[in-house]
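Asker: Can you read through this structure? Questions will come right after.
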Amino acid sequence: MSSTLAKIAEIEAEMARTQKNKATAHHLGLLKARLAKLRRELITPKGGGGGGPGEGFDVAKTGDARIGFVGFPSVGKSTLLSNLAGVYSEVAAYEFTTLTTVPGVIRYKGAKIQLLDLPGIIEGAKDGKGRGRQVIAVARTCNLILIVLDVLKPLGHKKIIENELEGFGIRLNSKPPNIGFKKKDKGGINLTATCPQSELDAETVKSILAEYKIHNADVTLRSDATADDLIDVVEGNRVYIPCIYVLNKIDQISIEELDIIYKVPHCVPISAHHRWNFDDLLEKIWDYLKLVRIYTKPKGQLPDYTSPVVLPYSRTTVEDFCMKIHKNLIKEFKYALVWGLSVKHNPQKVGKDHTLEDEDVIQIVKK
């Protein structure tokens, strides 16, 4: 591992020395590809044994969504977690052997949301130190990451945490690159760009792919892509997670400074100690999770608005709804009656491919 770390340090130093311009873009692209490969070795060490990615650190996923809290010590993370869970929790705090504490599951707008403290991520974890690797395996399964910062010293810490997560292949508040990539048996590298490219040319693309021993592939660039974008697509193990920056301790700054913070994207200022602005934070969490609540209506009865079936926004068809309740339900499915925003008239008879919207009411009719 130490030789891998030494190689990483060497490449990072060379990248820092290299001026960024058209002439060096090709060389930098190569260095970035080498760096990505070395980082992957650290995260998934060779040998295959060793208990897998989450050795001794397996946190059962409960509820409808999972939020990971990341932050340096003494930024008020524990206070925020316990106050949020204390105010909005229906479940007592519970502990995991190697995780400090998990304050539990909060219930918000009918959804159960699991809160996880992710310790040790930011202490050189991406370099394989400590238990960082196991923690990251859990972080990658989160639906949302909250980076908790001290409002009096946010910027330096923000960058360190972002770099640490980036090093693990976690991409915050970004979408997967719009790049088509398909390996083939022969024919060399075939590059197509549907729009002008400011960084990638045929030579750079070929050299990055050669670093991965790929000499035959079709590559389609559908947006102005960077070397990092191409590497992310080739690596294929990146996760794209929304992130909110929680700026704590606003009781120690002026109103003018608070106004400036409100203009920063993806930010919510709070005081964990005084429980200030928790409503704003919860509302933003809800917006970023994009959960879809579906209410059930048994035949001849009123809809049950107390316990919705909660679906992730990427899987909201009637079939997804049935699978969430029980996998046998889809076998007995005849059609569904739906009331709500997803239909033109109430109720409307729909099939299993119909896409539901938040707060729709559904009645399943069996064969």
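Placement of Cβ uses the backbone N, Cα and C atoms for every residue, glycine included.
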Asker: From Thr62, Thr100, Thr306, pick the one Swiss-Prot annotates as phosphothreonine?
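Answerer: Swiss-Prot records phosphothreonine at Thr100.
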Asker: Identify the region 'Required for interaction with STK16' range according to Swiss-Prot, selecting from 2-16, 257-271, 332-346.
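Answerer: Swiss-Prot lists region 'Required for interaction with STK16' for residues 2-16.
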Asker: What does DSSP give as the helix, strand and coil breakdown of the domain 'TGS' (290-366)?
Answerer: 8 helix, 34 strand, 35 coil
Asker: Neighbour count first, Cβ atoms within 10 Å, every protein chain included; then name which of Ser74, Ser78 tops the list of binding-site residues.
Answerer: Ser78
Asker: Please determine which of the recorded positions listed here (Lys22, Lys77) has the lowest count of neighbouring CB atoms within 10 Å.
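Answerer: Result for the recorded positions Lys22, Lys77: minimum number of other Cβ atoms within 10 Å at Lys22.
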